[in-house]
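As recorded in TrEMBL:
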COMPBIAS  468-478  compositional bias 'Acidic residues'
DOMAIN    23-448  domain 'Major facilitator superfamily (MFS) profile'
REGION    228-248  region 'Disordered'
REGION    454-543  region 'Disordered'
TRANSMEM  21-40  transmembrane segment
TRANSMEM  63-84  transmembrane segment
TRANSMEM  91-110  transmembrane segment
TRANSMEM  116-137  transmembrane segment
TRANSMEM  181-202  transmembrane segment
TRANSMEM  266-291  transmembrane segment
TRANSMEM  303-325  transmembrane segment
TRANSMEM  332-353  transmembrane segment
TRANSMEM  359-378  transmembrane segment
TRANSMEM  390-412  transmembrane segment
TRANSMEM  424-448  transmembrane segment
Amino acid sequence: MGRPDPEEGQLPAPVKPPDGGWGWIVLLGCFVITGFSYAFPKAVSVYFKELMKDFHVGYSDTAWISSIMLAMLYGTGPVCSIMVNQFGCRPVMLIGGLLASAGMILASFTTNIIELYLTAGVLTGLGMALNFQPSLIMLGTYFDKRRPLANGLAAAGSPVFLSSLSPLGQVLLEKFGWRGGFLIMGGLLLNCCTCGAVMRPLDMGMKRKMGKAQDKYEAKEMLPIGGKSEEGISTTDGTKKGKKAKKKPKKGKKLLDFSIFSNRGFIIYTISKFILVLGLFVPPILLVNYAKDTGVPDTEAAFLLSIIGFIDIFARPACGMVAGLKWVRPHVAYLFSFSMLFNGLTDICSARASNYTGLVIFCVFFGISYGMVGALQFEVLMAIVGSQKFSSAIGLVLLIEAFAVLIGPPSAGRLVDALKNYEVIFYLAGSEVVLSALFLGVASYCCLNRGKKEAPPENNPAAGGGSDTEEAESDVQEAEEHSSDNHQPAHSTDNAVVAAANEEANHVAEEQSGEGGGCPAGDGEVLARDGCNADQMVERDSF
């Protein structure tokens, strides 16, 4: 029967994620965007030594560049959510690519550290934010059953780009200086516009056309054969137009859904992510300068980030495949907690590494644990809130994490300047990550398991094992049932005739039921709701 139309102030019927097709192109674009968004703030640290010399500032001052980039990536989350809900993913990503490129190009002409904060930090960070969040939303739109694998593959863009951008930045620094390196990096960021261009939204138009065609087909099937068919169709269309005219004013679309804060799983996830971000990014940001201060040559120091990236390349897709297993996916939150615990213990155990071999071993284990965290963080969030509320959820989560980003790395940089000791920093960062892992695991077990006993499993969004396809199909079914109740055929014969022939109609219905093909006797409207065949209902009315 008739389906809700967007122009009636209702949301269109959800489209089933294809789990492939053009989704693989979207996945490739998300791979590139994720690579630039996460690897770029770390790769820029290669230029910090030269910036300290040219601008006569300390390490904590230059560390603010990466922190501002990450803060813009996270802090503008609600703005990105509103823009995506208002304009769509593709236009927002195209604008973001232009802003990111312009920021790095303008940064190559700066004359003081404040101008560098505004260009490379604010402008480039904002541009990457406008690319990163919409790409994740599109990925969740195109994938459902394969979503853990898709998230793992897209997250692999970060280590791939980190392992390539860091050595590339070192080469550009040696040949062109930091200004030439920033200029070339700005040109590379224009590829974000290409990735935004391939983010084609799922086609709703075809579904609406199919719905209208099905309405007319069902109307013909439910009417007696003859000239009354066309009359019934026109009557049905006229009834729809009349109802549209009597519709209430359109309801404004929610640009940011704050109802997700009523989800206990979302609250637990947000708090744990805030604590996690305080220490997660500190080791890779400080690693290059730590190695240089211990006497490691510049090229080999930059290669340490490549080691992390190389290990991370394989860790993220592998972890995504494991998270997609049937017996693991319902418990993906605990796998995420384990990955954070692994990462924190790696930082603590490697704090006393004082030679290149020890740093290489640290990079191997850090790459594995960091890849697990990167592959699971957004998969867990999608499992908690669902794809329909993901655009609002990720914006609010990133905003809260922005405060942690502004606190973590700059504070670590100030401690380095004050103590001249990296060991304390690694202990502190590792302890914060371990605390976040313990909080997520214990809170999920205590709070969410208690909620499962009180409510049915299908009503608990924090279980993490539900399929968005099933939710979408149930929504469509409810919409069709609701519309069928409100659009009963206007072609029925006179009620008095039906009442007069009621006894004979019941007799025929009983005979059909005895033959296995009939429906129970009763009111026609109830029969329609109970799933009775439309032709049988028309046959009964025709008596």
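Cβ from N, Cα, C; glycine included.
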_With pairs fewer than 6 apart in sequence excluded, do the transmembrane segment (266-291) and the transmembrane segment (181-202) have three or more C-beta pairs that lie under 8 Å?_
no
*Go through 21-40, 91-110, 266-291, 303-325, 390-412 and flag the stretch with the largest number of C-beta pairs under 8 Å relative to the transmembrane segment (332-353).*
266-291
*asked:* Before we move on, state whether the transmembrane segment (116-137) and the transmembrane segment (390-412) share at least 3 Cβ pairs under 8 Å, counting only pairs 6 or more apart in sequence.
replied: yes
*asked:* Should anything in the same chain at least six residues away from the transmembrane segment (266-291) have a Cβ under 8 Å from its Cβ atoms, list it; otherwise answer none.
replied: 41-42, 45-46, 48-49, 59, 63, 66, 70, 74, 166, 260, 300-302, 304-305, 308, 333, 337, 340, 343-344, 347, 356, 359, 363, 366, 370, 373, 377, 380-381, 384-385, 393, 396-397, 400-401, 403-405, 407-409, 412-413, 416, 422, 425-426, 428-433, 435-437, 439-440, 443-444, 447-448, 462
*Can we call the transmembrane segment (303-325) and the transmembrane segment (359-378) in contact, meaning three or more C-beta pairs below 8 angstroms at a sequence separation of 6+?*
yes
*asked:* Restricting to CB pairs under 8 Å, which listed stretch, 91-110, 359-378, 390-412, 424-448, is in contact most with the transmembrane segment (63-84)?
replied: 390-412
*asked:* Below 8 angstroms Cβ to Cβ, which residues of this chain, lying six or more residues outside the transmembrane segment (424-448), approach it?
replied: 264-265, 268-269, 271-276, 278-280, 282-283, 286, 333-334, 336-341, 343-351, 408, 412, 415-416, 460, 462-463
*If you average the pLDDT over the domain 'Major facilitator superfamily (MFS) profile' (23-448), what number do you get?*
82
